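Everything on this sheet refers to the single structure shown next.
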Amino acid sequence: MASHIVGYPRMGPKRELKFALESFWDGKSSAEDLQKVAADLRSSIWKQMDSVGIKYIPSNTFSYYDQVLDTTAMLGAVPERYNWAGGEIGFGTYFSMARGNASVPAMEMTKWFDTNYHFIVPELGPNTKFSYASHKAVNEYKEAKELGIDTVPVIVGPVSYLLLSKPAKGVEKSFPLLSLLEKILPVYKEVAAELKAAGASWIQFDEPTLVLDLEHHQLEAFTKAYAELESSLSGLNVLIETYFADIPAAAYKTLTSLKGVTGFGFDFVRGPQTLDLIKGEFPSGKYLFAGVVDGRNIWANDLASSLSTLEALEGIVGKEKLVVSTSCSLLHTAVDLVNETKLDKEIKSWLAFAAQKVVEVNALAKALAGQKDESIFSENAAAQASRKSSPRVTNEAVQKAAAALKGSDHRRATNVSARLDAQQKKLNLPVLPTTTIGSFPQTLELRRVRREYKANKISEDDYIKAIKEEISKVVKLQEELDIDVLVHGEPERNDMVEYFGEQLSGFAFTVNGWVQSYGSRCVKPPIIYGDVSRPKAMTVFWSSLAQSMTARPMKGMLTGPVTILNWSFVRNDQPRFETCYQIALAIKDEVEDLEKAGINVIQIDEAALREGLPLRKSEQSFYLEWAVHSFRITNCGVQDTTQIHTHMCYSNFNDIIHSIIDMDADVITIENSRSDEKLLSVFREGVKYGAGIGPGVYDIHSPRIPSTEEIADRINKMLAVLETNILWVNPDCGLKTRKYSEVKPALSNMVAAAKLLRTELASAK
């Protein structure tokens with residue numbers, strides 16, 4: 001009876017790790033306190049899997065920040081600016097790399113494949129020195145062993161590690177990162193030797209880059225790496241784990257012929273086509289780890305359907321060699337359904353979080369071994385049936401409206417430069433106009449007011465009064481700072497997706513359904529279980545109130561349909577684009593209501609447009625087509641004088657710039673401050689961009705306060721490649737997570753920098 005879990009969430013069922021980390025970073029608790037919380041979480045996770053009956057339990061999937069950063073630490077690949085003196089890497093160096101410190105900035109953070117998780121990108125070059133500098137994998141293996149649990153240590157594989165890295169500052173962009181393979185393999189050998197000595201019998205290398213479109217020389221690196229590791233790994237069973245998509249035929253061939261490998265893990269949820277390759281041929285005597293339980297969503301598994309997939313696989317690889325697994329690490333799903341006491345009973349019966357998925361994996365493994373638990377299977381079948389037939393899932397009117405969209409392209413009537421002229425006549429903004437992205441700091445007091453209102457401890461009148469005061473404070477502050485286009489600060493919002501989901505039909509919410517986004521930051525994705533519609537206006541009250549407090553333009557603030565989709569747990573019973581079009585229609589109603597209420601600038605954030613981009617080139621154009629179309633649907637009905645802004649995060653813009661232009665927004669602000677150069681190079685390479693653009697001029701993810709000179713210097717770099725009349729000046733993201741003591745001086749310096757350059761530009765004329 002063989003069952004396996006690829007990885008497990010680290011934050012804890014009630015975000016215990018988040019609070020421990022933040023307390024440690026704030027100097028309120030010691031390193032020992034943090035380590036104790038971490039050790040308790042690890043042991044409870046291992047014991048839980050052990051008691052369920054999981055055979056291959058992962059270790060080293062816990063992390064204080066990120067598993068790729070853990071690998072960087074293991075390899076001693078610390079960039080020089082952190083002044084690491086060698087020896088075992090401690091919290092000081094580790095967290096400086098992740099978060100920056102008073103004197104040096106953090107390493108770049110980027111999306112982990114197409115998930116909402118972010119990893120810290122290794123910075124490597126020909127002179128990077130590698131040494132075995134973090135014994136975490138071995139220590140955690142031993143820690144579990146002392147509890148009487150034999151685990152499978154999990155490490156990011158050497159080739160994926162290099163393919164996910166970037167050339168360090170000052171290193172040629174074209175530097176071949178794979179040339180470092182022979183320098184990092186000695187460390188992998190040391191780790192393997194220590195694990196063997198500690199008694200490990202299996203080791204799991206995560207090589208998810210195998211599902212990407214790789215070139216021949218990249219595939220050869222896998223062959224070379226594992227041939228080189230073969231003798232060091234002998235005596236260990238080696239599992240190579242892949243996930244997030246089906247594996248291309250060439251990569252499958254490379255993978256299944258690797259030397260010294262015992263088993264292969266595949267994602268059959270997002271990669272069902274891999275099944276055909278396995279049916280074609282699978283190396284005899286090897287283990288197949290079959291990822292049939294979805295690690296990236298919260299729906300209960302259709303056990304009967306998974307079982308028939310597994311039985312077909314059993315016929316190919318043999319009973320002894322088939323292991324039931326999750327499609328990927330459970331890091332990307334919520335922790336435990338047990339903590340959802342407020343969730344509607346019927347909807348709850350359709351769901352499974354990480355703890356429940358562990359049980360599902362085990363139930364499937366038992367069924368395969370001829371010990372099927374009929375009660376689990378019949379309860380599961382009943383829940384599947386109730387979800388298919390539930391009237392709450394279907395709304396005929398919404399289905400019709402979405403179907404009617406197919407005929408049109410939904411473009412605004414005039415082109416962007418004519419619209420910008422019409423808007424400028426109305427708004428009368430200076431050159432290099434300043435604005436912020438939307439949210440202002442959420443103080444403890446503010447969170448308390450929202451919490452008490454939600455718990456019916458204060459009246460609606462008191463709540464409105466408190467929020468009104470907060471908006472008035474934020475408006476005054478922006479006027480004092482002399483910002484040109486204002487925001488209301490979003491004090492009434494808990495989260496940019498949840499806030500809208502709570503007011504749309506077809507959404508359900510959890511209390512503890514948190515998922516790690518990066519470091520200690522977690523998000524709580526809404527669950528889209530049915531057809532989506534907007535019963536009534538969602539933001540008009542607050543936006544008009546804020547506009548009435550100032551003569552300056554006040555931005556309406558909405559989250560776009562693609563972001564709402566990509567940041568939710570989405571129903572898996574219809575194509576994603578159908579759900580997206582439904583959300584677009586709901587947001588369109590809101591945009592038009594804001595315009596009617598006298599809001600002339602409306603921002604529709606598509607922070608996550610890039611996130612939904614399929615990993616494989618062949619599927620990307622279809623996604624971009626419907627995603628961009630969904631955005632255009634939201635604002636195709638407004639007047640030329642209404643200025644539509646959008647904001648995007650972490651975009652490796654370069655590969656989707658044409659789709660971004662096709663969104664046809666009037667102004668786009670971009671979070672790019674950790675990777676300025678990359679973004680600006682697109683424009684340097686001659687992409688014609690006629691709309692307004694505001695690349696973030698400082699990084700809000702770090703507490704650092706940039707000087708006026710530093711910001712002016714960045715704006716000048718931007719002016720070298722962008723037209724003066726289209727450039728906007730703004731931070732790179734919302735200010736919600738920062739403190740006012742950081743925000744005020746930073747914005748003050750930002751406005752000063754814009755004014756300084758206006759003066760310079762005017763005198764140059």
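Please read every residue number as a count from 1 along the shown chain.
Using the three backbone atoms N, Cα and C, a Cβ is placed for every residue, glycine included.
Predicted, not measured: the structure shown is a model, and the values here were computed from it.
What TrEMBL annotates here:
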ACT_SITE  His701  active site, proton donor
BINDING   Lys18, Asn116, Arg521, Cys522, Trp567  5-methyltetrahydropteroyltri-L-glutamate binding site
BINDING   Ile437, Gly438, Ser439, Glu490, Asp605  L-methionine binding site
BINDING   His647, Cys649, Glu671, Cys733  Zn(2+) 1 binding site
BINDING   His658, Asp662  Zn(2+) 2 binding site
DOMAIN    3-315  domain 'Cobalamin-independent methionine synthase MetE N-terminal'
DOMAIN    432-755  domain 'Cobalamin-independent methionine synthase MetE C-terminal/archaeal'
Arithmetic mean of per-residue pLDDT over the domain 'Cobalamin-independent methionine synthase MetE C-terminal/archaeal' (432-755): 92
Residues that sit under 8 angstroms from Cys649 (Zn(2+) 1 binding site) by C-beta distance, when 6+ apart in the chain: Ala607, Ala608, Arg610, Glu671, Cys733
Which binding-site residues sit within 10 Å of Ile437 (L-methionine binding site) - Cα, from Arg521, His647, Asp662: His647
Cα proximity to Asn116 (5-methyltetrahydropteroyltri-L-glutamate binding site), best match among binding-site residues Gly438, Glu490, Asp605: Asp605
Fewest other C-beta atoms within 10 angstroms, as judged across Asn116, Ser439, which are the binding-site residues: Asn116
Binding-site residues compared (Lys18, His647) - highest count of Cβ atoms within 10 Å: His647
C-alpha spacing of Cys522 (5-methyltetrahydropteroyltri-L-glutamate binding site) relative to Asp662 (Zn(2+) 2 binding site), in angstrom: 32
Those recorded positions listed as Arg521, His658, His701, and which of them has the most Cβ atoms within 10 Å of its own Cβ: His701
Residues near Gly438 (L-methionine binding site) in space but at least six apart in sequence (CB under 8 A): Val487, Gly489, Glu490, Met496, Lys555, Met557, Gln603, Asp605, His647, Gly734
Position of peak Cβ density within 10 Å, selected from the binding-site residues Asp605, Asp662: Asp605
Surrounding CB atoms that lie within 10 Å of the CB of Cys522 (5-methyltetrahydropteroyltri-L-glutamate binding site), all protein chains: 17
Number of other Cβ atoms within 10 Å of the Cβ of Cys733 (Zn(2+) 1 binding site) across all protein chains: 26
Cα-nearest neighbour of His658 (Zn(2+) 2 binding site) within the listed binding-site residues, Lys18, Ser439, Arg521: Ser439
Spatially closest candidate among Ser439, Arg521, Cys522, Trp567, the listed binding-site residues, to His701 (active site, proton donor) (Cα to Cα): Arg521
Long-range Cβ environment of Trp567 (5-methyltetrahydropteroyltri-L-glutamate binding site), under 8 Å and at least 6 residues apart: Asn116, Met496, Val497, Val523, Pro525, Ala608
